[in-house]
Amino acid sequence: MPGKQSEEGPAEAGASEDSEEEGLGGLTLEELQQGQEAARALEDMMTLSAQTLVRAEVDELYEEVRPLGQGCYGRVLLVTHRQKGTPLALKQLPKPRTSLRGFLYEFCVGLSLGAHSAIVTAYGIGIESAHSYSFLTEPVLHGDLMAFIQPKVGLPQPAVHRCAAQLASALEYIHARGLVYRDLKPENVLVCDPACRRFKLTDFGHTRPRGTLLRLAGPPIPYTAPELCAPPPLPEGLPIQPALDAWALGVLLFCLLTGYFPWDRPLAEADPFYEDFLIWQASGQPRDRPQPWFGLAAAADALLRGLLDPHPRRRSAVIAIREHLGRPWRQREGEAEAVGAVEEEAGQ
């Protein structure tokens with residue numbers, strides 16, 4: 001990716017509610033309980049999965065065809081079952097870099113979410129070999145979204161609409177289960193066909209239950225929500241919310257529409273492009289519209305300014321995308337897909 005060219009109520013009731021949320025690091029009690037329930041369900045699944053791990057060397061069971069992807073923590077291979085010939089994707093995590101608990105966690109999160117059509121289907125087979133842990137998923141053979149983004153151009157508008165609808169549906173599904181995805185970026189969106197009609201989320205190693213306390217571990221990137229860059233409300237960190245995913249989705253959609261990031265870091269004092277965006281966000285005046293946004297239509301402006309609101313409690317939820325699917329998102333393109341057709345492909 002190139003650079004940033006690269007019923008109102010009594011006042012007392014509201015005050016009490018704000019005080020309660022402040023004591024919970026910005027979460028309501030209901031939100032906190034939802035995350036705790038998700039965490040307990042994952043712990044139960046991990047306990048069961050640990051008891052059913054297949055202990056064998058991968059090459060005894062599967063034949064490697066070719067690599068599908070490589071990351072910091074492991075690799076993904078296209079394999080076939082030696083007896084049945086079934087093609088599968090195998091994610092292999094080396095033991096020196098992955099604990100058993102870390103492996104079981106990612107494996108079980110994927111299992112719990114794979115029923116959605118825009119999320120990679122994980123199969124209930126975990127393998128422990130001498131030097132690695134592995135699990136199997138459906139194979140998606142056309143690479144990730146990054147390879148399809150043309151620098152300074154992005155994707156064709158119909159493909160952006162389809163991608164937005166499907167990713168929003170997948171994220172809504174994740175959030176409804178008390179989880180926050182936390183790693184939305186082109187590299188984690190797999191493309192199912194050369195025409196970019198179907199997309200699937202993958203890689204759930206960073207997914208966490210809502211309310212998990214999180215501190216920023218490294219320098220911020222464009223997808224990092226600004227609340228993660230601020231001092232956390234609790235000593236242990238920021239309780240994570242679905243608003244983190246809404247922010248990342250807004251940044252991703254900007255990239256798909258323009259072919260570059262809206263900014264490098266969401267820090268006004270360090271990034272003039274982000275500072276310009278904040279000025280426009282506050283004023284709403286056309287004269288304050290930053291140059292990188294000039295090619296976008298009014299519907300895209302409204303959508304992205306909602307998803308990229310710097311205040312997480314005011315930020316639009318990912319489902320806001322549905323309101324804008326039937327409109328043009330670029331000024332230079334007049335085509336707009338019918339909302340029903342796009343939503344049908346969202347896999348809801």
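Backbone N, Cα and C define each Cβ position, glycine as well.
Per Swiss-Prot, the feature region 'Disordered' maps to 1-25.
Annotated domain 'Protein kinase' per Swiss-Prot: 62-330, in sequence order, evidence recorded as sequence analysis.
Taken from Swiss-Prot, the feature ATP binding site applies to Leu68, Gly69, Gln70, Gly71, Cys72, Tyr73, Gly74, Arg75, Val76, Lys91. In the three-state DSSP scheme, Cys72 (ATP binding site) falls into the coil class. All protein chains considered, the CB of Cys72 (ATP binding site) has 6 other CB atoms within 10 Å.
Around the Cβ of Asp183 (active site, proton acceptor), a 10 Å sphere holds 18 further Cβ atoms from the protein chains shown. The active site, proton acceptor annotation in Swiss-Prot covers Asp183.
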Cβ within 8 Å of the mean position of the Cβ atoms of Leu68, Gly69, Gln70, Gly71, Cys72, Tyr73, Gly74, Arg75, Val76, Lys91: remaining residues of the chain near ATP: Gln92
Overall pLDDT for the domain 'Protein kinase' (62-330), taken as the rounded mean: 95
For ATP, whose listed binding residues are Leu68, Gly69, Gln70, Gly71, Cys72, Tyr73, Gly74, Arg75, Val76, Lys91, the greatest C-alpha pairwise distance in Å: 14
Sequence-distant neighbours of Val76 (ATP binding site) in its chain (C-beta under 8 A, six or more apart): Pro67, Leu68, Gly69, Gln70, Ala89, Leu90, Lys91, Gln92
Local Cβ density at Gln70 (ATP binding site) - other Cβ atoms counted within 10 Å: 10
